[in-house]
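For reference, Swiss-Prot has these:
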type     : residues      : note
BINDING  : HIS84, HIS183 : heme b b562 binding site
BINDING  : HIS98, HIS197 : heme b b566 binding site
BINDING  : HIS202        : ubiquinone binding site
TRANSMEM : 34-54         : transmembrane segment
TRANSMEM : 78-99         : transmembrane segment
TRANSMEM : 114-134       : transmembrane segment
TRANSMEM : 179-199       : transmembrane segment
TRANSMEM : 227-247       : transmembrane segment
TRANSMEM : 289-309       : transmembrane segment
TRANSMEM : 321-341       : transmembrane segment
TRANSMEM : 348-368       : transmembrane segment
Amino acid sequence: MSTNLRKTHPLAKIINNSFIDLPSPSNISAWWNFGSLLGTCLILQTITGIFLAMHYSPDISLAFSSVAHITRDVQYGWLIRNMHANGASLFFMCIYLHIGRGIYYGSYLYKETWNTGTTLLLLTMATAFVGYVLPWGQMSFWGATVITNLLSAIPYVGNTLVQWIWGGFSVDNATLTRFFTFHFLLPFTIMGLTMMHLLFLHETGSNNPTGLNSNTDKIPFHPYFSYKDLLGLILMLAFLLTLALFFPNLLGDPDNFTPANPLSTPPHIKPEWYFLFAYAILRSIPNKLGGVLALLMSILVLFLMPALHTSKQRTTQFRPLTQILFWSLIANLLVLTWIGGQPVENPFIIIGQMASILYFSILLILMPIAGMIENKMLT
């Protein structure tokens, strides 16, 4: 009897063990769909991005016009651009839901998978930031100026570092060219790291809603989860197309319809919605260096999650105290997102400061304490 080529061929074997015969817990819910959705987002963004790059000119005198040219003159250019711009928003929605799932179900205890995942988040944020600068609209230019300028808060080397990143004494042509380079390069780095993320995940196998070992109850990924993921994929694409075709500018900033002008500052400089929570944390600290450190820590705190786990149980599924804290954290992040989009005036300043303190308190202090209290309640 001849063996199945799928299981013997060196390349097909890898694909088979990752996507076809992969033993998966039988009880994983729809919250486990987001990994495959993120993979799809990455492929979609890369394809649309490559097609956009074919028609884009990374020069300050041409960038804005070339984007207008894409939307007006290129066959389906408007669709490619709208899908790329809104695809980024969808990417971040899926990322945040994926991370939220990881925190709720204690997936961060797979340390290698969690750390590569957090690094992937940082790389994706960097990619989105440099990509936002490329259309060279008002918000692109001023966003780049404000965010890169934060590095000047670094003692001693700050100013030199900022000028080195700019390639001059202000955000100019050199900045746009290198940002385009980074925006093209980083997604491929993300792809490499994604493979590492999957490699580490397949070393341990998937977690499941109970947080218990599921080795005694595994089912093959295909057809069970391939079809289940396909449903999620169809829903996601339906949502993306609805956004791109009916409300293409819903999540964008109107200031970006104005070409970049270094002599005129927009009334409210703010990033895209997916960075607003971090931007609110940055603004809530009156000191420049302190703000930059808080901004960094708002993401880097994820690396500390495995070390801060005090509970005997893995998931939050059966821990009411931690559940309350988890949902308070989600509500708090929504408040921070809202504050990030508001002007710097009362009462928004104080709300932002309180929400920032609460964000770090929940993650660093309250959740570990709740875990210990719940352990005591069990004994």
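Cβ coordinates come from backbone N, Cα and C, glycine included.
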Count of other CB atoms lying within 10 Å of the CB belonging to HIS202 (ubiquinone binding site): 14
Residues from the same chain, set at least six apart from the ends of the transmembrane segment (179-199), whose C-beta lies under 8 A from its own: 18, 39, 42, 45-46, 49, 53, 56, 58, 113, 116-117, 119-120, 123-124, 126-127, 130-131, 133-134, 144
The transmembrane segment (114-134) vs the transmembrane segment (227-247): 3 or more CB pairs under 8 Å: no
Tertiary contacts of the transmembrane segment (227-247), as residues 6+ beyond its ends and Cβ separation under 8 Å: 30, 33-34, 36-37, 40-41, 79, 82-83, 85-87, 89-90, 94
Nonlocal neighbours by CB distance (under 8 Å) for HIS98 (heme b b566 binding site), same chain, sequence gap 6 or more: PHE34, GLY35, LEU38, GLY117
Outside the transmembrane segment (78-99), six or more residues from its ends: residues with CB under 8 Å to it: 31, 34-35, 37-38, 41-42, 44-45, 48-49, 51-52, 67, 70-72, 117, 121, 124, 128, 131, 236, 239-241, 243-245, 248, 251-252, 272-274, 302
Set of same-chain residues at least 6 away whose C-beta sits under 8 angstroms from HIS197 (heme b b566 binding site): THR113, THR116, GLY117, LEU120
Neighbour tally for HIS183 (heme b b562 binding site), based on other Cβ positions within 10 Å of its Cβ: 22
Set of same-chain residues at least 6 away whose C-beta sits under 8 angstroms from HIS84 (heme b b562 binding site): GLN45, THR48, GLY49, LEU52
Between the residue listed as 'ubiquinone binding site' and HIS183 (heme b b562 binding site), the C-alpha gap once rounded to whole angstrom: 29
